[in-house]
Protein chains: 2
Amino acid sequence: MDLFTTAAGLLAYAETARRAGQRIGFVPTMGALHDGHLQLVRAAANDCDVVIASIFVNPTQFNNPEDFRLYPRLPETDADLLRSAGCTALFLPSVEEMYPQPAVLKFNFGALESVMEGAHRPGHFNGVATVVSKLFHLVRPHRAYFGQKDWQQVAVVKQLVADLSFDLEIVAYPTIREADGLAMSSRNRRLTPEERAVAPQLYQALAQAAEQVRQGMPPAQVQAGALATLAREPRFTPEYFEVADAQTLQPLTDYAPGRAVVLCLAVHLGAVRLIDNVIVSLG
Amino acid sequence: MDLFTTAAGLLAYAETARRAGQRIGFVPTMGALHDGHLQLVRAAANDCDVVIASIFVNPTQFNNPEDFRLYPRLPETDADLLRSAGCTALFLPSVEEMYPQPAVLKFNFGALESVMEGAHRPGHFNGVATVVSKLFHLVRPHRAYFGQKDWQQVAVVKQLVADLSFDLEIVAYPTIREADGLAMSSRNRRLTPEERAVAPQLYQALAQAAEQVRQGMPPAQVQAGALATLAREPRFTPEYFEVADAQTLQPLTDYAPGRAVVLCLAVHLGAVRLIDNVIVSLG
């Protein structure tokens, strides 16, 4: 596996692959890798000739400086995992390499980011869209792989690709969970044992709510019930629980036949903010 | 010269050139070509192996629907001119081809677009940045050529390229003028003979103001004098006349040694809105 820390090095690698007619798969990550990331790398290795992964804890998508500071960083372990999963090149840039000067332009995705993560993390999706655009320009992938745990992020990145005519395909893979249902996340490493023990209740609340949606319970009632369930665990501080249209991400007031529905939540557990979601139906 | 009307056709052409190791020069235009455009094509033909020009009257950068409707469209004449100037491929897409669905994302360039064209044409630079991003993704040029008559546009496009790490170089060429000083513009075709006769006074006002700046006259006085000069011609309705920093585009209140200075104006002349600028110094 090749290692690149400069944009110039990565550009040259991608250019060589492109000229040789090779298909490039790309897995952008913030590191502290788990099976959710590694399934993306394995899928890319299966689909493509060359697999480039990036590890970059992007400061511009963190609205909380403590979250940025404490985000786990394990580049050596990550490199071993990537190599084993079939990654052919790792891009590990510094902040200075990615942002030689601060970006001036700002992205706005309108209604798509006025809810959930966009509403609770001001500037988050501008940071995401900026760094993803930069990485796409350096890697020039044929396919880029994302995890559905960040459902809204996938929607924003797909919109970015469509609106700016990026010549690549976005592929999204389902959330990988621990045996007890907890969605895999790099931030799980920061949970205390006590917090880790109650964390699976987030998925349980989502699964229960999904069943209620399927039985036709009105969205507002599903939402209130889920928030009440979460409130029973004093370690949880829920930020939101939404019954939303899976494409537009807008909160649902009622169901229409054939409508795709997703349930999304964000909950603070101790010093860690966790998100998760469950797709109820894809319409 | 090859002609492409679909994104897929252009992508394939650019990919073939890239794989062959050819350098791609790109000249994006809205058509109704004049010598200002053709110098860009000739420069691209001199620098690059392949020259792609686009002609697309981009609706999303027009805030005035009448200006969009009346913008001159002369594709056959343009194609002949491009061929003679050394263009190897022309991209002539429909609105539907460029925007299969309306774009959701919006760009904002902060202070860079809070003045002059950005202030007077709401949404203009969002439209420019969106279409330029799309075209860059379809053409994948090594170099893209722009005219300095749209000084602020060049600044915005350079910011776009830097902030999103587009792997290409922006080259800007000086404004080409008619013998009487009028800046060449596709919109000049829409002037009546009487309007055309007074139009060179715009450049005369800029040249006179530039001389005053060089002599140290305070910016506010230069601006007031130029607006007074323009007001003497009743056919002119000035929109702005700015003494600005040539990099940041912000209005200057005084001069500092080594500061780059540009004078920019926008004036309505009959039904036509004209812009022009003069670089006083590049710092």
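For all residues, glycine too, the Cβ spot is worked out from N, Cα and C.
Per TrEMBL, the features are:
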ACT_SITE  B:His37  active site, proton donor
BINDING   B:30-37, B:147-150, B:Ile176, B:184-187  ATP binding site
BINDING   B:Gln61  beta-alanine binding site
BINDING   B:Gln61, B:Gln153  (R)-pantoate binding site
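Overlay of TrEMBL feature records on the structure.
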residue  : record                    : DSSP class
B:Met30  : ATP binding site          : coil
B:Gly36  : ATP binding site          : helix
B:Gln61  : beta-alanine binding site : helix
B:Gln148 : ATP binding site          : helix
B:Gln153 : (R)-pantoate binding site : helix
B:Ile176 : ATP binding site          : coil
B:Ser186 : ATP binding site          : helix
Same-chain residues at least 6 apart in sequence with Cβ under 8 Å of the Cβ of B:Gly36 (ATP binding site), in sequence order, are B:Gly147, B:Lys149, B:Tyr173, B:Thr175, B:Ile176, B:Ala183, B:Met184, B:Ser185
Fewest C-beta neighbours within 10 angstroms among the binding-site residues B:Met30, B:Leu33 belongs to B:Met30
Counting across all protein chains, other CB atoms within 10 angstroms of the CB of B:Gln148 (ATP binding site) number 18
Ordered by sequence, the long-range same-chain Cβ contacts of B:Ser186 (ATP binding site) under 8 Å (at least 6 apart) are B:Met30, B:Gly31, B:Ala32, B:Leu33, B:His34, B:Tyr71, B:Pro72
The residue listed as 'active site, proton donor' sits from B:Gln153 ((R)-pantoate binding site) (Cα to Cα, rounded, in Å) at a distance of 15
Same chain, |i - j| six or more, Cβ under 8 Å of B:His37 (active site, proton donor); the result in sequence order is B:Val27, B:Thr29, B:Leu81, B:Gly147
One finds that other Cβ atoms within 10 Å of the Cβ of B:Gln61 (beta-alanine binding site) number exactly 21
